[in-house]
Amino acid sequence: MLEAITSRICNLFSKKLNEDMKITGNDINNYCKKFDKYLILSIITVSISLFLSFMVELIFLFTLILPLFIIFHPILLEKSKKEELIKEIEKEIPIFVTLLYIDSILGKSLYQCIESIKGSKILKGISKEAVLLEKSVKLNGISTSRAIVNRSRLHKRNILGSIYSDFIDSESIGVSLSLRARQTLEKVMNRLKENYSTYIQRSSDLSEILFSFFLLLPIMLISFQLAFNNGLNVTQLIAPLLVSPLFYFAITSFQPSSDYLIKFKLREFIPFFALSIGFAIPLLVLGYPVYAIMLAMVFLSFPFYLQMRKADSLMEKLPSLLDRLSDYTRVGYSLRGSILRIIESSSNDITKDYLISFVKTLDKKDEFICSPSWTFNAFLEALRRINILGFIDEKVFIEMSSTVQDILNMRNSMKRNLQLFTFISVLTPLILHFSLYSFSFLNFNSKFLLNVIGIYVLTLEILYSKISRLTIFNFPLLLVTTVTTLIVSFIPLSL
């Protein structure tokens, strides 16, 4: 009986799951095998939750949500994996098309280019696509062109599907693949520009909702409760915060991938961790746990900020580096010789140490440089590939420099357009604090209210930081907002 029920329900989900799993490369059978366990677990959860709901009313909401999450979480998880893979591929597309341009000049096909990227530690999305493409050819016994056509249908809603279709058409009508690669690169950059513009527009629309939900709504709730109840209802004040994870995931779903690759050794992080604890403990003792968390986040975000600044600096230096490579190769230098000349002429340039490490491993295909900037690492891998192929053309470096400069200009434009969120976040503690002065004649627990204000400030701080810098570790914003919140907290709410 149970097997029949699980089989029928699983079949209902299989079409949607199959579509996503063909892109990610996962197996639908694994989900169906585990589905009966999900169903039994959800039934047990409903039973326990219904029993507890007689004692605690809020458990009833848990009763409705958790069983549904248990049953549907594989679909949500697979959807999330697919979207994450597509975003990763879209980030890698400019580098991939550049490599495609180089390979096409050497007479290689689209399939050969993708196959050569398999196993890449930098282009992980394209590498996974290469594995799935190869698997399709070998298991189905079809030609490489047919396999690419099949994959293009799966990727019809993203830029990779468009690239597949363009190159298949080029091969069929005899258009030069190198010419098609250059045209595709222009199309990719235009698509990337549209994506950034769309993100800015969506962020602006979402910011209005965030402003209303986490600024105006708490002001109204606190004001009405103090005016009519002469007290604060904890449940009502905390309830709007329960949807903050949904807003966070919504932002993550439509924002472009970050360029930052932040890695630390434990010993580098310990001093900041110790400082955060040292400054947070007095606030905890005084009864301000939210303020303690805010202060801890400031200290913990500082090492991330240093890495992010280094990544931004590497990205800004990359166009100049590629232009100099073009100049040296034009007068007859090899790629290794060009890089050595750049190293010799650099004094304390931030790229020098990375270039020294890079030139030592230039002939090793499996080596890669791990800097805080993904784009910097990816273009160094492209240079390594050029060296291994033995192909030197100054025009390629000019194209690469132009591509990086376009990406840099788009990202800087996006940051400028999103500066408003930083301003709003800084104003949040001021607006929340001083809007309550009209109720200063009432007696209430000001310490508790300050913690409520703090948690709303912290929530908006995290969400606006995620929007404007694509990460929650925005040290300048965290510092200014936290200092502002601490300063206004010394102004008594109840006079």
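Cβ from N, Cα, C; glycine included.
Here's what TrEMBL has on this protein:
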type	residues	note
TRANSMEM	35-52	transmembrane segment
TRANSMEM	58-77	transmembrane segment
TRANSMEM	209-228	transmembrane segment
TRANSMEM	234-254	transmembrane segment
TRANSMEM	266-284	transmembrane segment
TRANSMEM	290-308	transmembrane segment
TRANSMEM	420-442	transmembrane segment
TRANSMEM	448-465	transmembrane segment
TRANSMEM	472-493	transmembrane segment
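Count of Cβ pairs under 8 Å against the transmembrane segment (209-228): among 266-284, 448-465, 472-493, the largest is for 448-465. Count of Cβ pairs under 8 Å against the transmembrane segment (472-493): among 234-254, 266-284, 290-308, 448-465, the largest is for 290-308. The stretch from 234-254, 266-284, 290-308 with the most CB pairs below 8 A to the transmembrane segment (448-465) is 290-308.
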